[in-house]
Amino acid sequence: MVVRQFRKATRQVVDAWLVSHATPPSAELASPSRAGSGSGATTPVRKISAHEFERGGLLKPLVTTVDGTPTFLGDQPPHATPSRPQRRSRHELRQLDEKELIFELVKDICNELEVRVLCHKILQNVSILLDADRGSLFLVQGERASSPHPQNGRCLVSKLFDVCSKSTPEQMEQLEEIRIPWGSGIVGYVAESGEPVNIPDAYKDERFNHDIDQQTGYKTRSLLCMPIKDINGEVIGVAQVINKQNDGPFTAYDEKVFASYLQFCGIGLRNAQLYERSQLEVKRNQVLLDLARMVFEEQSTIEHMVLRILTHTQSLIRCQRVQVLLVHEASKGSFSRVFDLEAGDDEEPGTPRTSPYESRFPINIGITGYVATTGETVNIADAYLDPRFDPSVDEGAGFKHNTILCMAIKNSEGRIIGVIQLINKFDDLLFTKNDENFVEAFAIFCGMGIHNTHMYEKAITAMAKQSVTLDVLSYHASASLDDAQRLRNLRIPSSVHFNLHELAFDDIDLTDDDTLRACLRMFLDLDFVERFHIDYSVLCRWLLSVKKNYRNVTYHNWRHAFNVAQMMFAILTETQWWKIFGELECLALIIGCLCHDLDHRGTNNSFQIKASSPLAQLYSTSTMEHHHFDQCLMILNSPGNQILANLSSEDYEKVVKVLEDAILSTDLAVYFSKRKAFIELVGAERAAVGAWGACERRRGLLRAMLMTACDLAAITKPWPVERRVAALVAGEFFRQGDLERQNLNLTPIDIMNRDKEDQLPAMQVKFIDTICLPIYEAFAVLSPALQPMLDRVKSNRSHWIELANNDKNSGEKFDYGLDKDHLHEKNDKSSISSHVDDTENTYEGDSSGAVSLSSETNSKYENLENPVVGLVCNNALTLPRDPKICQLNEMN
């Protein structure tokens with residue numbers, strides 16, 4: 001009942017039970033201080049030898065609980081031994097009649113749970129009952145001949161031998177154990193037949209062993225030998241009394257009294273054995289828990305792990321040699337490495353070993369290979385009688401194989417990963433079933449430990465390879481120094497020239513080099529270079545590296561990233577929300593916009609999951625956004641691209657946190673999760689957006705919504721721009737739909753289904769209504785400067801409705817009205833990689849909006865066009881004196 005309860009209990013309950021019921025170890029067995037190095041095989045602490053379990057009989061093997069987990073808990077809970085009452089003297093017992101005497105003697109043994117003490121009482125009591133001089137008691141050990149392990153055959157072991165009325169249990173413990181083969185001699189015959197033997201004259205019976213009298217000097221005359229049976233009638237021992245006090249033989253009446261009393265003795269003896277076994281179960285649990293702790297304590301290298309396994313196995317089972325053979329992954333019957341340990345290795349002088357010997361001894365490939373192939377346990381009593389053993393391994397070795405126990409080591413999946421082999425148990429003993437159970441239990445932990453160590457070593461190797469790969473990737477992902485120097489030497493026109501402050505900005509007439517120069521202008525106008533001490537050459541190289549790491553996909557490419565960054569710049573300056581965020585968060589937002597789609601493959605998160613791509617395995621949510629962020633960090637940490645290198649650790653941590661939040665916020669799933677709270681906050685405090693700067697939660701919501709607003713900003717552009725961008729997005733979506741149809745055998749959703757192209761205008765209207773309008777309406781409430789964005793969204797919606805109605809009435813597919821090649825046209829007349837400082841063609845610009853830098857700043861950026869005359873400092877954020885910003889400041 002207790003076991004059933006524990007099988008339903010939690011691990012904590014079982015652990016608490018084991019601790020509370022564990023037998024406290026003696027001082028000699030206490031664990032030593034673990035001051036030594038964890039990598040070596042620390043000296044094992046044997047609470048108990050495996051051989052000691054033999055006296056308790058066969059212990060229960062591993063069993064499986066109802067939930068499928070292995071347990072070492074025995075079927076019988078331990079019981080506390082009650083206090084022993086004072087027994088009557090032999091003279092007092094003699095004064096009782098027969099019934100009272102038997103009752104008194106039964107009462108004397110019924111509460112005794114220690115096997116040795118109980119046996120001593122039984123022998124003294126039967127001597128009183130039968131008026132015998134002395135007696136002996138033998139207990140059955142071993143297994144039946146019909147068992148799977150006949151080499152562990154049954155025998156009789158003298159629990160107590162030659163007990164007289166004056167002997168004590170302590171004296172009897174000092175006597176050497178006597179083992180009698182099953183069926184041999186008088187005692188063996190009684191055990192085998194289950195019948196009593198009454199011999200009036202021992203020397204006339206051929207079964208009597210005369211040598212015992214010669215050794216003890218005692219003369220045996222009469223002898224009565226009786227089997228002790230349990231409740232099931234199975235012989236569990238043999239009791240023997242010698243020499244009736246009156247020199248006469250034992251009578252038939254003596255046999256009857258002896259048999260009656262031994263019935264009670266059989267019950268008491270079985271109970272005592274069960275109790276002893278339960279105590280040994282507790283000790284075994286302690287040993288196995290210690291072994292498990294030892295295995296999982298050190299998993300850095302396979303050598304350290306195996307040395308611990310060998311050391312503790314040899315100490316527990318007490319054998320001459322232990323070997324662990326690791327199975328070759330490519331060939332199941334062969335071994336990649338062979339480790340061994342021999343008795344006495346730990347006594348070698350010098351520094352303790354931190355790794356085991358390898359391939360020191362020959363391998364019994366016939367036996368070990370059989371176990372590695374079949375997974376079966378092999379227990380051999382005589383190696384030379386087993387056809388699988390190769391005698392040549394002993395030739396010239398000065399070592400002879402006698403007994404062998406070989407068992408498979410499996411990982412958590414049940415796959416054989418090794419073999420453990422124990423050779424020649426000490427004292428010429430055989431490996432027993434208990435030894436098998438111990439090694440089996442220990443092998444489970446060893447298998448998990450070796451498997452974990454293999455995985456750890458593979459992980460270390462993979463991390464090293466990853467580090468090398470990242471170094472190579474970082475090198476090739478970074479722009480060249482020559483390209484960075486060329487960009488540095490270009491003149492940077494003003495933001496007015498690029499129309500960077502315009503919410504209706506269009507990049508159609510800008511070359512790729514113009515977009516890079518425009519990005520530099522945004523960094524300069526927001527004063528990031530000065531405020532954060534960003535090396536200008538490093539900034540140029542970082543921008544080129546970011547551009548280089550965008551793939552040449554239809555829409556989610558460098559141009560899209562640039563447009564998102566421009567919109568963020570325009571909103572921050574037009575609304576002056578840069579005051580709310582502060583300089584660090586503004587820096588993170590601009591970097592986030594430029595990097596938010598790094599290494600985009602032209603497919604969305606859903607496709608990555610459907611295709612079971614490596615990215616989907618790395619990131620369970622926001623798959624592509626996490627990848628974009630990781631790519632962003634890789635570039636930021638690459639040599640020559642570290643634009644945040646001069647930030648303090650605290651500022652760097654804050655920028656990275658905001659950067660991660662910003663990039664992940666471009667996932668529409670994140671947008672939907674935050675939009676409701678944002679709109680409710682806007683509705684409650686529509687006129688108090690300036691106060692949001694003091695609350696991190698509100699700033700976080702505003703940053704997240706800003707990222708989405710900038711990411712989807714094409715919908716807020718004039719109709720020609722919106723129509724052109726819609727064509728790009730549709731082209732990319734159709735390409736993903738084609739991939740799903742061809743590679744995954746899936747029917748794409750309507751918006752990615754090329755067959756549903758005629759429904760695009762209607763779907764675009766739905767996209768505006770469900771995703772775009774709510775966020776731009778909220779931003780128009782927060783700042784009147786953003787009202788034009790909402791107006792153009794509504795205007796574009798009307799255009800899409802008109803197209804949807806026209807297509808519906810005409811039945812024709814939507815015509816984008818654009819040359820396909822024009823969508824991908826790139827003006828490369830000033831490509832960084834194809835020209836050198838073409839200053840003659842550089843924009844000279846309108847100087848009406850230009851101001852000059854100080855002489856020091858001019859020398860730093862000597863090629864800046866239209867230098868600035870002064871700087872405006874507002875709310876700890878320094879901005880250049882640009883006409884647009886000056887106008888905003890004057891309005892405030």
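Cβ atoms are placed via backbone N, Cα and C, with glycine included.
Of the listed segments 25-44, 205-224, 385-404, TrEMBL assigns region 'Disordered' to 25-44. Together with His596, Asp597, Asp711, TrEMBL lists one candidate of His533, His560, His799 for binding Zn(2+) 1, that being His560. Counting other Cβ atoms within 10 Å of each Cβ, the lowest count among the binding-site residues Asp597, Asp711 belongs to Asp711. Less than 8 angstroms from the CB of His596 (Zn(2+) 1 binding site) sit Ala561, Val564, Glu625, His628, Ala662, Ile663, Thr666, Met707, Asp711, each of them six or more residues away in the same chain. Cβ neighbour count for Gln764 (AMP binding site): 26 (other Cβ atoms within 10 Å of its Cβ, all protein chains included).
Least packed by the Cβ count within 10 Å, out of the binding-site residues His556, Arg559, His560, is Arg559. In the three-state DSSP classification, Asp711 (AMP binding site) falls within a helix. Secondary structure at His560 (AMP binding site), as computed by DSSP, is helix. Residues His560, His596, Asp597, Asp711 make up the record's Zn(2+) 1 site, and a Cβ search at 8 Å around their centroid adds His556, Ala561, Val564, Cys593, His600, Thr666 from the same chain.
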